[in-house]
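Worksheet: the structure to be examined is printed underneath.
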Amino acid sequence: MHPRFQTAFAQLADNLQSALAPILADHHFPAMLTAEQVSTLKNTAGLDEDALAFALLPLAAACARTDLSHFNVGAIARGVSGNWYFGANMEFLGATMQQTVHAEQSAISHAWLRGEKGLAAVTVNYTPCGHCRQFMNELNSGLDLRIHLPGRAPHTLRDYLPDAFGPKDLEIKTLLMDEQDHGFTLTGDTLTQAAITAANKSHMPYSHSPSGVALECKDGRIFTGSYAENAAFNPTLPPLQGALNLLSLNGYNYADIQRAILAEKGDAALIQWDATAATLKALGCHNIDRVLLG
């Protein structure tokens, strides 16, 4: 078990500990539960779906990287597939505050990058900030997305974001988590192709500036992130943050990164290169390349 989970794990009910122990035994537990695992945990612990999600929130919060605020937020995105995806907030010392990943963004991006097609609910241990409410409004689940908070009755995003502004106001039909493939040809080595594949998945209906990042760890593991734009612009999640989020959720550290590649168009309206390189260098990675999408 990764050390970050030990304190939260020790506070779980005994029957839930017994059921979770083999799942968490992998040091690189992927911070997600399959629908089958969720069903097993519900039956073993005697909990309904909502109660189980609340019980697991401390494990999600344990994934937080909060070197600045020391305020850990955990979230669980519940996919329509039945799979659950952990998320936690991330802060990056030496970068800018704008590079921060919020817990809800973390869980949602996690689900999206693992191929989830939509979300039924998000469970989080603190009320979503306005930034995250706006980020969630980009999803194909729309304002019907259920939000669960400890000690409160469940509500929909519509309740938390009244009179919402979103993609429909800009006549955008393809939403975040809808399947997208922008068709750029895969070239280069494995890491380069992974970055291009991530760029092909981008949600960028406002700038039409696709981008993707691939990070290679010293053990050969590759994590990718795709660009996710938002109708309100500022809640947009850059591709590097998506990749760093997956890397961290899987129990890796920034020092494990040995190489990074950004894929983007050289003539795009928005360019990720400077911000991507600056953040990676702040985290200790200097082997950074860029491939231009044709």
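Every residue, even glycine, has its Cβ placed from backbone N, Cα and C.
According to Swiss-Prot, the residue from HIS70, HIS102, HIS155, HIS182 that belongs to the Zn(2+) site alongside CYS129, CYS132 is HIS102.
Of all the recorded positions listed here (GLU91, GLU104), the one with the fewest other CB atoms within 10 A of its own CB is GLU91. Non-local neighbourhood of HIS102 (Zn(2+) binding site): VAL73, ASN89, CYS129, HIS131, CYS132, PHE135, each in the same chain, at least six residues away, with C-beta under 8 Å from its C-beta. In this structure the alpha carbons, written CA, of MET90 (substrate binding site) and GLU104 (active site, proton donor) are 11 Å apart.
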